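Novice: Pulled from TrEMBL, these are the listed features:
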- B:4-191: domain 'Electron transfer flavoprotein alpha/beta-subunit N-terminal' (DOMAIN)
- B:146-176: region 'Disordered' (REGION)
- B:243-244, B:257-261, B:274-281, B:ASN295: FAD binding site (BINDING)
Amino acid sequence: MKYQYGTVTKALVGELQAIVGKPNLMIDLERIENYSHDETSKEEYAHTPDLVLTPTSALQIAAIMKLATRERIPVTPRGAGSGLSGGAIPLFGGIVLSVEKMNKVLEIDEANLTVTAEAGIVTNELNEQLKSRGLFFAGYPMSLETCFLGGNIAENAGGGKAVKYGVTGRYILGMEVVTPQGDIVELGGKVTKDVSGYDLKQLYIGSEGTLGIITKATIKLLGVPKVASNLLVPFASAQEAIAVVPLIMKQGIIPTSIEFMDRSSIELTCSYLNESLPLEGVGAMLLIEIDGTDEQTVERELIQVGDLCSEQGAMEVYIAEDATTRERIWSVRRNIAEAIKVYSPIQSLEDVVVPIASIPLVLPRLEQLKAKYQVSIPCYGHAGDGNLHATIVKDPQMSLDDWKDLEPKLLSELYAFITGELGGKISGEHGIGLKRKGYLKAVTPPAEYQLFKALKAAFDPLYIMNPGKILD
Amino acid sequence: MAEVWTLSECSFHGLKDVSYELLARGRALADELGVLLGTVVLGHRIQGEDLQSLIEHGCDVVYVADDQSLANFTCESYANVLVPLIQEKGPQVMIAAATTTGRTLMPYVAVKVHAGLTADCTELAIEKETKNLLQTRPAIGGNIMATIKSPDHRPQMSTIRPRSTKKPLPDAKRTGTVVRIASSPTWKNEQVQVLGLRSLEGQSASIEEADIVVSGGKGLKKRDNFSLIEDLAKAFDGEVGASRDAVDRGWAAYPHQVGLSGKTISPRLYVAVGISGAIQHLAGIKTAKCIVAINHDEHANILNLADFALVGDLFAILPEIQKRLQERSRV
Amino acid sequence: MHIIVPIKQVPQTSDVQMDRQTGTMIRSSSASILNPLDLYAISAALELKDRYQARVSVITMGPANAVKVLKEAIAMGCDDAVHLTDRAFGGSDTWATSYILSLAVKKLGIPDLILAGERATDGDTAQVGPALASWLDLPAVTYVSKIETVDGDTLIAERLIEEGYQRVKTSLPALLTVVKEISSVRLPTLSGKKRAMASSIAVWDAQAIQADSRYIGLKGSPTKVVKIDVPKVSRNCILTKVEDDVSLKKGVDQLMAFLEEKDLLPKGGAHHG
């Protein structure tokens with residue numbers, strides 16, 4: 001059987017402790033409980049590991065993987081635990097391997113415009129250290145204050161700036177990986193071109209920890225744009241707002257972000273933050289960011305986009321150039337997920353993605369689903385990437401059983417529509433993890449799915465590397 | 001020899017504590033300069049025992065302006081007492097508390113008497129060679145201490161952060177003079193009238209004057225949980241503070257806000273719960289005597305400033321502290 | 001009704017560098033923003049504009065790029081702006097600054113109302129508002145949290161003071177400094193931004209306002225910065241981790257002992273139960 005594992009014996013704990021040292025091994029239930037879940041609902045998905053290791057080097061991780069291979073113990077790699085698809089949950093117990101103590105910047109190479117850092121560094125911290133040199137890592141997950149670089153790569157994080165800068169994978173030039181067998185492998189490097197054999201690095205990006213453990217990465221850096229400004233544009237209906245998105249993209253201006261927020265997302269967040277955005281008659285808002293090297297260009301582009309929105313029926317066009325105002329409106333956008341969670345912790349935060357021309361078609365279908373299943377689905381997200389966070393929320397009054405009955409039906413219907421008629425995908429940036437693996441199988445053509453399985457078996461024949469994620 | 005002066009503030013219940021703190025400051029300066037320490041008291045129906053008390057706490061000359069028109073602070077009336085008095089007596093130093101009254105009146109007066117004024121000082125000293133007043137204040141969010149003087153203008157004026165000095169001990173044997181200033185029609189303020197006072201609901205929000213302040217921040221997650229802070233403040237016999245996040249979210253009212261865009265406070269004990277410690281917040285508490293932080297994040301900024309920190313789940317920690325404090329109060 | 005709002009450009013973050021020689025800030029080292037507390041004064045003025053059809057003028061003193069904060073204010077809905085800029089203004093303390101602003105207000109004509117933010121987040125003195133009122137001999141009503149009514153030439157407001165909310169009536173013209181409770185902040189609009197780009201902002205130097213050179217700049221400032229220190233953080237934190245019931249008990253024990261030793265615990269018995 002695929003998922004048959006050895007037990008974590010006292011002797012094995014002793015061997016593991018000899019590798020990482022006593023302070024880096026946790027076994028008491030209270031402490032390891034924190035490692036039993038990510039940002040998905042604890043009630044639905046949590047699973048407690050046998051023990052948690054916080055190694056401090058790739059060598060230690062290699063030694064751990066050798067033992068895990070010998071004893072056939074499942075190992076679940078973990079970053080900050082801010083994932084949204086259950087990727088860091090140790091479904092079969094065993095070892096959770098947290099890279100939290102590997103959090104150093106190893107080299108900033110200004111001549112080559114690269115930085116090399118360990119996987120456990122907080123993404124924001126990395127950018128803080130680069131700031132004084134006028135450089136930045138253009139990956140921008142919305143959880144940047146907490147998430148780790150390693151998790152960003154493993155999930156190929158997208159986030160709020162992908163319209164212009166693309167997703168995390170675009171900036172990863174090289175990485176160090178420990179394989180399930182315990183070998184340390186260097187992939188890529190500081191080169192910008194590379195067709196020397198299969199591109200294994202790309203394979204690891206977005207692999208959700210199922211092929212190995214990313215321990216460090218070399219990242220391509222960009223110069224920090226000197227100016228950035230925002231527009232906040234309310235529309236009477238979500239449909240009107242979303243219909244503007246492809247038009248903006250056609251203008252030849254590439255905004256940094258085009259974020260969409262429907263009325264219920266904004267309302268929940270404004271009440272959570274005690275913020276007072278003008279909401280009368282508003283059906284949805286777009287939050288658009290434009291950055292660049294000089295003020296005049298950014299200003300001109302901002303006005304051009306703003307004018308287009310007005311022509312397309314925007315109720316008003318607010319402009320935020322001052323840092324205080326920019327922070328104020330971004331804070332609304334950043335807090336939506338948290339606000340919805342405070343309203344109802346049990347929910348399904350989706351991140352379906354469609355070709356941008358199809359975005360306007362998503363919302364009417366969400367309306368139908370809302371009506372059919374009698375649930376609220378606040379919707380927001382990275383409209384400029386065609387990536388929407390429709391959040392199916394369990395009403396506080398609904399019973400958990402009813403929810404468990406409803407959720408898969410609704411999701412199946414949504415995913416079939418997204419991947420079928422619209423040519424989209426079921427996850428743009430949160431990943432498949434635990435939560436969507438059944439649906440992935442349902443929407444993936446058999447031949448492609450077979451390749452997925454063959455790939456996993458080739459890298460991890462014992463199924464010890466984050467088992468039960470992406471595929472069964 | 002030109003005197004050193006303080007401004008004593010009255011409330012409905014008599015002199016405010018900060019008036020005595022200023023005497024401690026003023027006494028030290030007057031002794032250093034070898035001059036008399038004066039204080040100016042403005043109000044209505046000021047009690048004789050309060051004036052005596054000012055003398056017992058270190059003052060040599062009490063200048064009293066007692067008039068119905070001075071019952072409430074209005075800037076113009078008070079300035080109309082103070083400006084001529086300063087011009088007549090020519091004190092070399094004039095200090096007031098950095099309260100809403102002091103911070104309104106002093107700049108208004110400083111313009112009229114062409115004096116330099118330094119806001120919200122935490123230290124005062126006399127420069128040996130020149131006998132000038134050296135005024136030190138936190139600047140740029142408390143990241144920097146700036147020392148300022150006004151060499152060519154008199155009086156040298158400053159406002160002093162409340163609670164940055166201890167109230168001096170009284171000495172019943174001390175003597176001094178009380179000088180009553182004759183009322184003048186210019187004291188009556190035709191322009192501004194005080195109509196009334198609405199007390200703050202629940203807690204008195206005077207966190208600047210509190211000995212103990214228990215503050216809550218974003219870590220409390222939602223409004224309902226903020227009652228944990230209120231309960232703990234009560235158990236500590238202190239006041240409720242809040243970070244900007246908590247106030248912006250409506251968990252606490254603005255008068256409770258601690259930090260750069262709220263209040264700067266110096267309590268004996270500051271308990272920061274679920275507050276990560278943005279620079280703007282830290283600026284507001286740098287002069288607290290003792291800081292206790294309760295936070296889940298061991299890398300939170302607040303820990304750089306704390307004297308004692310409990311790192312863990314505040315929802316487990318707070319009830320435990322609450323329990324202990326209640327056990328004590330039952331003893 | 002005419003309202004003037006004096007505003008200030010301040011450095012964005014607290015990581016500001018100081019010139020140790022002059023004791024003044026090196027402004028170029030940090031991005032600049034409109035003083036956050038001025039946003040409330042502007043918004044309060046705009047609310048009055050909606051209610052009473054006022055004209056709102058903003059003024060600022062600062063270097064060339066401070067014109068940005070004036071444009072920001074116009075984009076929010078203010079009508080016109082004056083930029084006071086002159087090398088000779090540099091290094092002005094609150095006394096000199098309020099003098100310069102008072103001359104500009106006089107040149108504009110004394111308005112019905114001056115609304116100022118409580119204080120700026122850089123200097124943090126809260127002195128310029130009352131000092132400006134003093135130069136102009138206007139009533140100074142500080143820490144205003146609410147403007148109830150404006151009726152002819154009287155205004156009723158609430159002030160947030162230590163004892164609570166004080167209700168006051170003042171005749172106009174008057175100067176009010178406001179706290180953030182006064183209003184929710186308006187967002188600038190694109191049409192406002194275009195108006196700001198098209199509007200010609202008056203630029204006045206020392207000569208334009210006939211400033212007395214003895215009263216302005218570093219030289220005209222009564223206060224002098226003599227020394228800048230970076231205070232050392234001398235606190236040594238006792239850090240206890242709480243991870244389970246046992247460490248919770250232990251941690252709280254330690255805390256209680258720590259507070260006991262410093263005499264910071266409430267005295268037992270008579271107090272709140």
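Every residue, even glycine, has its Cβ placed from backbone N, Cα and C.
A TrEMBL annotation is a machine prediction, not a hand-curated record.
Not measured: the values here are computed from a predicted model.
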Novice: Quick check: in three-state DSSP terms, what is B:HIS281 (FAD binding site)?
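Specialist: For B:HIS281 (FAD binding site) - judged by DSSP and reduced to three states - the answer is helix.
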Novice: Taking DSSP states H, G and I as helix and E and B as strand, how many residues of the region 'Disordered' (B:146-176) are helix, strand and coil?
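Specialist: So the region 'Disordered' (B:146-176) is made up of 0 helix, 9 strand, 22 coil.
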Novice: For the domain 'Electron transfer flavoprotein alpha/beta-subunit N-terminal' (B:4-191), what is the mean per-residue pLDDT, to the nearest integer?
Specialist: 94
Novice: Other than its own, how many Cβ atoms are within 10 Å of the Cβ belonging to B:SER261 (FAD binding site)?
Specialist: 23
Novice: Near the Cβ of B:GLN257 (FAD binding site), how many other Cβ atoms are there if near means within 10 Å?
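Specialist: The answer is 27 other Cβ atoms.
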Novice: Quick one: give me the count of other CB atoms within 10 A of the CB of B:ILE279 (FAD binding site).
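Specialist: The answer is 16 other Cβ atoms.
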Novice: Over all shown protein chains, what is the count of other CB atoms within 10 A of the CB belonging to B:SER243 (FAD binding site)?
Specialist: 32
Novice: List the same-chain residues at least 6 positions away in sequence whose Cβ sits under 8 Å from the Cβ of B:HIS281 (FAD binding site), in sequence order, or say none.
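Specialist: Listed in sequence order: B:GLY217, B:SER243, B:ARG244, B:VAL258, B:GLY259, B:LEU260, B:ILE275, B:ILE302.
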Novice: Can you tell me the three-state DSSP label for B:SER261 (FAD binding site)?
Specialist: coil
Novice: Which ones, of the binding-site residues B:SER243, B:GLY259, B:SER261, B:ILE275, B:GLY277, B:ILE279, are Cβ-proximal to chain C (under 8 Å)?
Specialist: B:SER261, B:ILE279
Novice: Provide the number of Cβ atoms within 10 Å of the Cβ of B:GLY277 (FAD binding site), excluding the reference atom itself.
Specialist: 23
Novice: Just to be sure I understand the packing, how many Cβ atoms besides its own are within 10 Å of the Cβ of B:ILE275 (FAD binding site)?
Specialist: 31
